[in-house]
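A quick write-up on the structure given underneath.
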Amino acid sequence: MSTVVSTATSSATPTPLTHTLEFKIPFENEKQSIIAKNSLSPDPLLKPDELKVSFSNDGNVLKITFRGTSDRMIRVAANNIMDNLKTVLECFEVFD
Amino acid sequence: MTYSTLTLPQFPHYRIFASLYKNVKNHRQIRDGIRSGSISADFDFAFLNAANVLSLEQIYSALFRCFVDKANGKMKANTIHTELISDMSTVKNIMEALTKFGIPSKGDTVDLVVLKVLYSGDEDDSGDGNSFSPDALKKISGQLDSAIENDGAGGCCLTDTELESTADLHKIRKNYKLSDLFSEDRDRLNRLLIGTIQLKGL
Amino acid sequence: MRDQIVDDLQLRIPTVPLRLISQGAEALIFMTNQHPYLPAGVNPCDVDNPGKYIIKYRPPKPYRHPKLDKRITATRTSSEAKLLHKLYQLGVKAPKLIAIDAPNGLIWMEFLGYQLPDMRYSSLKNWLWLLERESDRDHPVALADNVKDCCNGIGRSIGVLHLHGIVHGDLTTSNIVLTDEATLKPSLIDFGLSSYSGLPEDRAVDLYVLERALKSTHPVYAEKYWEWILDGYHDVHEEDGKRGRKKYSETISRFKEVRMRGRKRTMIG
Amino acid sequence: MVDMDAFAKPGKPYYLALGMEGSANKLGVGVIKHHLGPLDENNRAEILANVRSTYNAPPGQGFLPRDTARHHRNWVVRLVEKALKDSGVKVSDLDCLCFTQGPGMGAPLQSVVVAARTLSQLWELPLVGVNHCIGHIEMGREITGARNPVVLYVSGGNTQVIAYSRQRYRIFGETLDIAIGNCLDRFARTLHIPNDPSPGYNIEQLARKGKHLVELPYTVKGMDLSMSGILEYVDGLAHDLFSGKKSKYLYDEEDGERITVEDLCFSLQENLFSMLVEITERAMAHVDSNQVLIVGGVGCNERLQEMMGIMAGDRNGSIYATDERFCIDNGIMIAHAGLLAYRVGYGNELEDTVCRQKFRTDEVYVKWRDD
């Protein structure tokens, strides 16, 4: 899994979602990557104005992008996704 | 007839001797005698100041209240007659009830309602021999006639018509603490008193 | 078990003939011709129907601890009796209190109502049903002026209750009776769930419960009945002046909210 | 008549469903089997597996959503594995996968639904989101055979009196503040008694030894009730007791003995349960029913069952209650209620599986009943 953290510094940008975090999670195959996306993505975020999370599949890789108003916002959401991801992986491990 | 007997449908084993003595002159003497205990023990009655009594229904209502409390073991006074006077009143304190609703201390002459609870024959659980019989009634009436001085008029039958002449609406207003609720309408006033008597202490 | 309860009560008051007329969760309602303390021939003053009395009996509930049971029975009985007397003092038409035996859960009260032409008891429900059966498009007798006046009167009664900080707690068309065939004067009955409350919410729920009851029991004309009841409710607040107007608008705006919530007690009536 | 088999697989004489529950501190997984045709006394649901793992907080503490969710995540896959093994059912033979959609605590609910979503895709099974309360009610009806009871639902998070009418389980009465189980749990915390096996169970055991009834507030409002004031009051008594106060109210008014912790548990139960029985009876009189079904964790309490039984008996009716396998939160009830819904055509798309902490009982359109 690779992680890219970038912080925009330009104050001219009107968007308040100044912080971003990106996960790239490789699965054994594309099917698993799609299942993971479908399992993680339906739950709404508590403060959609302050945080946006987007999911996309690229082959066997699941890409999750967090954009938020603070690194704290992002950390909380990312931790939650990681927790749930463990459950998804355990399901694959035992039942796939 | 100089007295009546009252019975309550729900408490058939009680017979209540009832009489009205008007223009009583020796009320202070009777009062003091009862208070000091110098009067003989069998002189046991409920004396009510007739000024506070509007109707027979009011008396029946207090009798009911008294018998219900007795049956439930909730009597507050030591004797049924004191309990009865207390049940006619609005006040909790028994001494105060006796002062306001029992024999008055003021006035040259007063009107008194006299009640005595008797028990029909085999239901006498009082232990004080207050069993009901025609002879007992006569004896009680004689006892009262000789003790109460009202120019030899003796007792008269307790009726709503008689009570109408002895009731004092101002006293009733004051003693039943009616103030704004007071009504000149006797029927309404009567129901207010009955409600008060039924709900006393609840 | 119900027979057992009736037998127990009859044993307690053997000289009183009892006729069971309804049983709720908490109390049994009996009719009797025997006044509890006035002998035959002596009529109580100022009651609508001398010779007919209601006994409301809260029997012991064997499921609860005897000490708790006694406490609940006595407090409920005395608070209902007190309320009846309070309503009399306020001049609100309601059954008059005759007697109470709080520890045994007994209240005696005046019987209100009469027999309708179809031999039924003159509850608002039965009366409206009778009129609704007789109504047709050309002659909607259920919408005649006397129904309007009656509904106005009901609204006024509820309004007076609310103005004095009392909520009925169980308003249905069975708990409203017509007391007089000539005047159709209505009266509220069964104050077993009533309480004192200054909250707009409680008053609003009181109204809401009645509106639901109307809609479920008298679906065809409910809207009209309700409009007339609210008119009376409004008028009596209006006559109370500034305080009444304020209370009215508080209650009605809360009522609209409660209606929106509309989730509870959907089967009442 | 509702057609319960419109969605049956051709040639298959039965249905199998797996249910997953995790709305509070219990994680449960169950497998249930229905045969074709409407369920009745001759066609009962079969319980093939019913496994559970409970998260217990340390004494003096309540279970927190985060810790509970962590517990559920740690166990959910293992529990599904165990339930499948117990039942002997092959995944390929299942018809649907049911999960608790609400009401309950957000984090624990979500921790389980993630597993349900993943498994449903892996196994290519439809998902059915189940209302937790409906799960209790339907399981209670199935186990006890009660046809149309008034339901008292009493648990850590819920206190409701429910009756069925025209395709919905309608709420006639409920708590205006805290739930009964919550009230008992919090008092257990005040007393510092263990949370294992459950705070309510431990209070029940103490209450058996109580003999003095202490007067507590009694707060029934029609068919609703309020419990927070009672808790506050009895908490205060307990604190005074522990601090060694000698006030008059800490001694029994009849025999003068000092009140004990057991007496407080006894009095709290007597008081709260009387309130519950009273509102239940009022609802029974209202809808003219003489059956009562108790569901939810607090429904295991034998004193509550006894009191309710006496009340129902007085109304010439009967009480239906289940044992701890079913009244405490479990997966089988979710499987059962979910399967009923599945059989009349219910199912959730993935994006429609978001958990709802405040999912109300009366929101569910009960298509599988026609009475």
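Cβ atoms here come from the backbone N, Cα and C positions, even for glycine.
What TrEMBL records for this protein:
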type	residues	note
DOMAIN	D:47-335	domain 'Gcp-like'
BINDING	D:HIS132, D:HIS136, D:TYR153, D:ASP329	divalent metal cation binding site
BINDING	D:TYR153, D:VAL154, D:SER155, D:GLY156, D:GLY157, D:ASP185, D:GLY200, D:GLU204, D:ASN301	substrate binding site
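Feature annotations (TrEMBL) mapped to structure.
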{"residue": "D:HIS132", "record": "divalent metal cation binding site", "contacts (Cβ under 8 Å, 6+ apart)": "D:GLU21, D:SER23, D:THR100, D:GLN101, D:GLY102, D:PRO103, D:GLY104, D:ASP329, D:ILE334, D:PHE359"}
{"residue": "D:HIS136", "record": "divalent metal cation binding site", "contacts (Cβ under 8 Å, 6+ apart)": "D:VAL151, D:TYR153, D:SER155, D:VAL295, D:GLY296, D:CYS327, D:MET333"}
{"residue": "D:GLY157", "record": "substrate binding site", "contacts (Cβ under 8 Å, 6+ apart)": "D:SER23, D:ALA24, D:PRO103, D:GLY104, D:MET105, D:ALA179, D:GLY181, D:ASN182"}
{"residue": "D:GLY200", "record": "substrate binding site", "contacts (Cβ under 8 Å, 6+ apart)": "D:GLY181, D:LEU184, D:ASP185, D:ALA188, D:GLY297, D:VAL298, D:CYS300, D:ASN301"}
Ask   = Relative to the mean position of the Cβ atoms of D:HIS132, D:HIS136, D:TYR153, D:ASP329, the recorded divalent metal cation site, which additional same-chain residues have Cβ within 8 Å?
value = D:SER23, D:CYS133, D:GLY135, D:ILE137, D:SER155, D:ASN158, D:VAL295, D:GLY296, D:MET333
Remark   = Averaging the pLDDT values of the domain 'Gcp-like' (D:47-335) gives 94
Remark   = Three-class DSSP assignment, D:GLY200 (substrate binding site), comes back as helix
Remark   = Expressed in angstrom and rounded to a whole number, the substrate site built from D:TYR153, D:VAL154, D:SER155, D:GLY156, D:GLY157, D:ASP185, D:GLY200, D:GLU204, D:ASN301 spans a maximum Cα-Cα distance of 18
Task = Please state whether DSSP places D:GLY157 (substrate binding site) in a helix, a strand or coil.
result = coil
